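Participant: The structure is given below, and queries will be raised subsequently.
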Amino acid sequence: MNLKRLVNRQVVNNLSRFNGRVRTRRDFSTITASIHSSNSCCDGVVLYNFSNSTPILSFNRYMHTIGETKLIGSSFNPKHNANDIEEDETMNEFLSRFVWIMRGKLTEVYKDCDKQTINNMLLVIVGKVVSEMEKGGLDQMLDVAVATLSQEFSRDLWKTVFEVSNAVLADMEKEKKKEKMKGFLQCEEVQELCRFAAEIGIRGDMMREFRFKWAREKMEESDFYESLKRLREEVKAQEKAEEEGKNAVAMGEEAATMGEEKPKLLIESMSQKSSIWPEEPKPISGKCKIVAEKILALKEEDDPSPLLAEWAELQKPSRIDWLTLLDKLKEQNTRLYPKVEELLLSEKSFQANIRDYSKIIDAHAKQNRIEDAERIVEKMNENGIQPDALTTNILVHMYSKAGSLDRAREALESLRRLGFRPDREIYNSMIMVYVNAGQPKLAESLTREMEARDIKPTMEIYMALLRSFSQHGDVGGAGRIATTMQFAGFQPNLESCTLLVETFGQVGDPDQARNNFDYLMRLGHKPDDRCTAGMIAAYEKKNMLDKALKLLLELEKDGFEPGLATDSVLVDWLGKLQLVDEVEQLLGRIAGQGEAPPLKIQVSLCDMYARAGFEKKALQALGVVEAKKEQLGLHDFERVVGGLIAGGFVQEARRVHGLMEAQGFASEHLKVTLTASQAFSRKRPSK
């Protein structure tokens with residue numbers, strides 16, 4: 001590289017103001033003295049030592065001056081090859097950054113010096129730096145100790161030069177790697193891995209972490225091959241030099257030693273990476289081709305192991321041969337493909353890696369075949385391959401989908417131990433498995449964790465939590481979720497308000513239920529049949545029949561028509577009050593709507609008719625209830641048995657109690673009541 005082609009004429013002109021010709025040690029000292037004497041603010045500051053000054057203006061150099069950078073004298077020279085041009089560009093970039101930083105440091109130290117003086121200082125510093133670099137290159141300059149460099153600068157100034165140079169080189173290296181990384185982020189192999197990860201539900205931060213990890217591995221692999229290529233070129237050049245007998249004296253003993261070590265290193269490196277070199281599958285012919293056709297023609301229930309062993313014996317396949325066979329099998333025999341793919345995991349020549357295992361596990365997980373997926377994981381462990389983050393991510397989704405809380409939680413902790421943070425999809429899966437397991441508080445803690453990481457839960461997640469808290473009658477939890485939803489920007493809707501009405505109704509707080517009911521109407525929503533039923537049920541808890549009827553009348557004026565849900569609550573309430581005629585009027589209205597009375601109404605009718613002594617109707621309702629005993633809960637059984645005992649139907653009560661115990665329900669209070677009714681049997685009334 002010819003650094004003398006780099007010049008900035010204005011800097012030379014600036015320096016010429018102090019001395020037109022700088023050729024000798026005496027002239028250079030005069031210039032430096034002129035600089036100091038012309039700027040009193042710089043007096044007493046030793047920029048460099050004058051005793052060993054040497055001429056440095058016999059070259060043209062690259063400089064930043066007066067906010068403008070120019071490259072003079074860089075006209076095309078056919079003798080300059082591509083390497084020279086690349087080196088020049090690198091040097092230009094280095095000097096540009098170096099001057100920029102040094103200008104700031106000089107300006108900071110010499111605060112009272114004008115811009116022209118700073119430019120002259122930069123000229124001297126950069127000139128000396130380039131002079132040292134020309135002696136042995138940039139890397140050599142940085143490796144040489146300060147004491148061995150020219151004594152024209154003070155040690156502090158050389159120290160600053162070293163610090164700035166190292167900082168510039170570090171920045172240039174970072175930018176170079178960053179640009180190189182961009183190319184590998186878009187390469188086909190990384191894109192293919194990202195597509196596979198997206199198919200199994202990986203999104204957001206985790207996807208970015210995986211993408212950069214794969215790109216970094218690909219870049220390291222590329223760097224290895226580049227270094228291997230350079231090593232081969234060095235070995236070839238050395239062998240050629242030895243053959244021609246050139247440079248025998250210069251190379252001497254070092255060349256002989258290098259000649260022995262480098263080929264050895266090349267062979268070792270190539271053997272270590274032989275599995276990565278691209279290779280072509282072997283041609284299949286003769287008997288081997290016949291066996292391959294038999295494999296492709298197998299049925300799903302057939303055992304392919306014997307034919308696979310025979311094919312391996314004939315073909316002596318490598319991994320690429322097995323993959324070619326699998327591709328053909330996937331195209332022609334999709335049912336047999338999974339079985340063969342799993343068998344090959346134990347085949348030594350197939351060289352199964354962790355991605356082969358994870359693909360099979362993912363296929364089983366999508367079909368909810370948990371035992372098959374766990375079998376593959378166990379086989380991984382037996383072969384010494386530990387599940388990575390991608391495989392663990394698949395397991396989290398699989399166990400969450402299957403509702404296996406403990407296994408899903410275990411897989412999540414494994415993922416965290418691997419250093420990966422859950423993404424939105426994993427959080428959603430874990431929240432739903434907690435909700436389905438009846439643990440909304442643990443699910444809520446995960447939403448707090450999401451919010452702390454700036455991952456916004458969806459409306460569906462909040463609604464699932466609200467439903468779960470409502471079903472458990474947890475007023476505090478339901479209120480927290482409703483408040484969090486509003487802070488997250490989700491406005492209350494008909495369902496969320498209905499859930500709050502039902503929650504307060506379950507705990508017997510009709511006032512709060514009515515507040516939420518009225519708030520719903522103020523938002524512009526019209527209460528539907530379910531919401532109204534929840535409000536009536538809240539009034540039922542406190543037996544506020546007058547308020548319930550008043551509400552129904554107000555709603556009917558606005559066009560509301562009670563549906564099956566509201567009528568079911570009214571039937572249950574009026575049945576407890578033994579208002580048989582009113583209940584039967586409601587039953588007529590339900591029948592007129594073409595609706596069949598639900599099981600809840602049949603339980604209410606059985607209790608009402610038994611207590612009222614309507615034997616025929618009580619036994620009729622009891623028959624319907626017994627036919628659907630699998631759908632009954634503990635409260636339903638207690639209601640039916642209690643009504644039968646109160647009405648004197650002891651024998652029927654004993655039979656239903658037996659059904660209750662067969663379903664796994666137990667009630668000590670009911671057992672005591674039934675025993676007492678048998679000891680003091682009442683005469684069954686008849687109406």
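Along the chain as shown, residues are numbered 1 onward.
Each Cβ is built from the backbone N, Cα and C atoms, and glycine gets one as well.
This is the feature table in TrEMBL:
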{"type": "REPEAT", "residues": "353-387", "note": "repeat 'PPR'"}
{"type": "REPEAT", "residues": "388-422", "note": "repeat 'PPR'"}
{"type": "DOMAIN", "residues": "405-513", "note": "domain 'PROP1-like PPR'"}
{"type": "REPEAT", "residues": "423-457", "note": "repeat 'PPR'"}
{"type": "REPEAT", "residues": "493-527", "note": "repeat 'PPR'"}
{"type": "REPEAT", "residues": "528-562", "note": "repeat 'PPR'"}
Participant: Residues of the same chain, at least six outside the repeat 'PPR' (423-457), with any C-beta under 8 angstroms of its C-beta?
Facilitator: 201-207, 393, 396-397, 399-401, 403-405, 408-409, 412, 415, 464-465, 467-469, 472, 474, 477, 480-481, 484, 488
Participant: By DSSP, how many residues in the repeat 'PPR' (353-387) are helix, how many strand, and how many coil?
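Facilitator: Counts, helix then strand then coil: 26 helix, 0 strand, 9 coil.
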Participant: Looking only at residues six or more beyond either end of the repeat 'PPR' (353-387), which have a C-beta under 8 A from one in the stretch?
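Facilitator: The answer is 196, 199-200, 338, 341-342, 344-346, 394-395, 397-399, 401-402, 404, 414.
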Participant: By Cβ distance under 8 Å, which residues at least 6 away from the ends of the repeat 'PPR' (528-562) in the same chain are close to it?
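Facilitator: Same-chain contacts beyond the flanks: 494, 497-498, 501-502, 504-505, 508-510, 513-514, 517, 520, 568-570, 572-573, 577.
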Participant: What is the average pLDDT across the repeat 'PPR' (353-387)?
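Facilitator: Over the repeat 'PPR' (353-387), the predicted model scores a mean pLDDT of 89.
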Participant: With DSSP helix as H/G/I and strand as E/B, how many residues of the repeat 'PPR' (423-457) fall in helix, strand and coil?
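Facilitator: Output for the repeat 'PPR' (423-457) reads 26 helix, 0 strand, 9 coil.
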